[in-house]
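Novice: Below is the structure I would like to discuss, written out as structure tokens.
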Amino acid sequence: MADDLERGLGNGNQKKVSVKLSDMKPGRPSLGLERRSSRNPDDPSSSSSRRRSSRSSSPPIVDSARPSLSVFRFKQALSNSGIGQTVTRTPSRGGSDFRPTNASPSATSSAEGPIASTASAASPNRGIQLLLEAASTSTPEFIAKRRQSESASTSTPQSKRRRPSSLGAVPPPPPPPGRRPGVGTEDGGSVVLSWTNLKVTSRDGKKLLLDNLNGQVHAGFTAIMGPSGSGKSTLLNTLACRMDKSASVTGQIRLNGKEYTSTDLKKMSGYVMQDDLLNAHLTVEETLLYTVKLKLEPTYTEAQLLERVSEVIKQMGLEHCKKTVIGSALRRGISGGERKRVAVGMELLTRPQLLFLDEPTSGLDSVTALSLCSLLRKIAEERQCTVVCTIHQPQAKIFNLFQSLIILKAGKLIYQGSASGVLKFFEDSGFPCPEFTNPADHLLDVITPALSSDKPMMQANEDKLRSHFVASPVDLDEGAEYPLQLNRERMPWHRQYLVLLNRGLKEQVRRKNVVITQVVQSIVTAILIGGVFFQIGDGQKSTVRRQPVLFFCVINQGVFGALTVINSFPSERVLILRERAAGMYYSSAYYVAKITAELTFQVLSPIVFSCVVYWMVGFQNKARKFFLFMFFMILCQLSATSLALMTSAICRTTDLSVTVLPMLLEINRLFGGFFLAPASLPKYFVWLDALSYVKYCYIAISQNELHDLKLTCKTSELDSKGKCPIQSGSQTIKTLGLDYITIAECAAILILYIIATRFFAYLGIRYIKH
């Protein structure tokens, strides 16, 4: 019929094509077409022939599987006889959609649209053009070709067909053509994450966090919704292998039909925490560059790494702030939305196949939250990766971005399926969504009691929804025929150490205000001490004045060094936990790099302090004794900072560490050898005396200063024999009982003390959860 119409138009003999509206009923296997023609428009006899009509002897047969397409086009051709309109078919998720839009007379069919027909104001053949277009899909050739493709698809082996979904009554959309489920590539790759009988309880078994959940997620944007305490984050952390040891997990979780470990998952997934834990002293570009250096294999060149970083910066829309520092509460930097984008970009550097996000819109305004979720939806579609996020109560525009939805209440599954079908599910359950109401608000209002008196009613609603929801069986083997793509291997230890050392040194340089403050503090304190004990000399009374100034020098270095660590390490510790959980580096590599980077700046303060106080007080004017004094001031500083680091690492909270550290410093001060001689201590306190770093520093610098010191005395100070009571500093050492240990032994003990406390600090960072 299409060929006849084309020939008619080409020969100038217009043929009128009419449609019998009674035949246009959905589901009819064929459409009756009547053709009335005129052999010659100028022939008088043609008018009678035009009034006669005869049904075509062989009307075109329309496939019963798709009758509505041609019917709709015929109706459009007959009803829309207006001039200057365009009828366009645009693709939609559920099928084809036709909409009339205003178009200019010169408009032509778009190369991008599936079908477009335009009629100008002077065109009398608009209806015929539409009929010609509709008839082209009803020809025997077209039908035979489509039936042939359908028969080929039905002949696909059963093992290659997509298995039933677990997403309730609405299965997730299949992967796009050309991408098999479960096949990972460097650009992502879709995977199937399935779980059955998933149950999470507290370690003591008294609290049930997740109650026998079954489910499955495919490539796309999936949201886990529910009221506070419903188990959203618990489910997300369980699937991401991030549950701590305080919970017991039972059930089966598989990735493409295979069980996986946390190590395997870290190589092919990303996890964005709710809190944006970023290094406040690095720029956006530096943060991403150090991340990609630690996450990707050493086979990548520097140019390739920079290209990957530039790609992510452009994708996340961070070009305008890539040279801006991240900042913190005390230092101005990028905005909250930009921080969240940086956190997401850090995980996208490895092009993961799975991306988990815990409350990504938390703390963001509505515009920024919508922009971020739109970006996540775009990432899920472009890379065909599986994006799973928890969200509490999104706005309507954000809710419409989700492709799949999981609703939890008190650890139980309320709904799992297509996000577009959840309102129909609630409506069928007796809870229709009111007009002009945010769907997310409606869903949570149904299952969340506003008042304690509403709890029985809400429990009834929950039971009704759960009884109405019947999930299809979960196939744990789905995607098992496709191998998993592990995106990366860990860098060797020494490469991690070098990258972390470079980052640590840059961070210390950026913290120049802290370094300058420490130096100024050391200078001011040294001037005060030197001013009070200025040039004490070598008289008899100088021995009495030397000991307090030596002890105060030790205390000064210890206190200020410890306070610097206890104030800065807590914020750094949460960053360590995030990066460790992401598998970016070995804990030992980070710790050794941290100690090395901080060592240069930690020794600067005691060096400045020693240079000022030593000569102002008037200690022995010998270079060897000066450098030995400086050496023990450095050891004293490192001992105190090591003690503070160990306390911060072992204590689970910052408040606890701030409480414990002053007590430990006071114990070290009390048993420092100045107030009480070691020989006069009770036996049950001997072990505290042995653990005091202050004692070893005090004894060492006392011996260094008093040894070989020649004392003088005035005539009035001579004894009955005409001699000075104290002729040398060595006598003072024996009198004070400080001669039972040598300077070398003190240095060795302090070095061992520093190593031991830093080792315990490493164990705390490595094994204790905060």
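Backbone N, Cα and C atoms are what each Cβ position is placed from, and that goes for glycine too.
Quantities reported herein were computed from a predicted structural model and do not represent experimental measurements.
Marked as compositional bias 'Polar residues' by TrEMBL: 77-93. What TrEMBL records for 100-111 is compositional bias 'Low complexity'. Annotated compositional bias 'Pro residues' per TrEMBL: 170-179, in sequence order. For 193-435, the entry in TrEMBL reads domain 'ABC transporter'. Feature annotation from TrEMBL assigns transmembrane segment to 519-537, 549-569, 589-615, 627-650, 740-765.
Burial and contacts for the listed features, if you can.
Specialist: Proximity of distant same-chain residues to the transmembrane segment (549-569), defined by a Cβ-Cβ separation under 8 Å and at least 6 residues beyond the stretch ends, is recorded for 514, 518, 521-522, 525, 529, 533, 536, 602, 605-606, 609, 613, 617, 633, 636-641, 643-645, 647-649, 657-658, 661, 665, 668-669, 672, 674, 693-694, 697-698, 701-702, 705.
Among residues of the same chain six or more beyond the transmembrane segment (627-650), those with a C-beta under 8 A of the stretch's C-beta atoms are 553-554, 557-559, 561-566, 569-570, 573, 602-603, 605-607, 609-611, 614, 619, 657, 660-661, 664-665, 668, 693-694, 697, 700-701, 704-705, 743, 746-747, 750-751, 753-754, 757-758, 760-765, 768.
Long-range contacts of the transmembrane segment (740-765) within its own chain (CB-CB distance under 8 A, at least 6 residues past either end) are made by residues 573, 576, 587-588, 591, 595, 628, 631-632, 635-636, 638-639, 642-643, 645-646, 648-650, 678, 693, 696-697, 699-700, 703-704.
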Novice: In terms of Cβ proximity under 8 Å, which residues at least six beyond the ends of the transmembrane segment (589-615) contact it?
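Specialist: Distant contacts of the transmembrane segment (589-615): 493, 496-497, 500-501, 503-505, 507-508, 515, 518-519, 521-523, 525-527, 529-530, 553, 556-557, 560-561, 576, 579-580, 626, 629-630, 633-634, 636-638, 641, 758, 761-762, 765.
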Novice: Can you tell me the mean pLDDT for the domain 'ABC transporter' (193-435)?
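Specialist: Value for the domain 'ABC transporter' (193-435), mean pLDDT as a whole number: 89.
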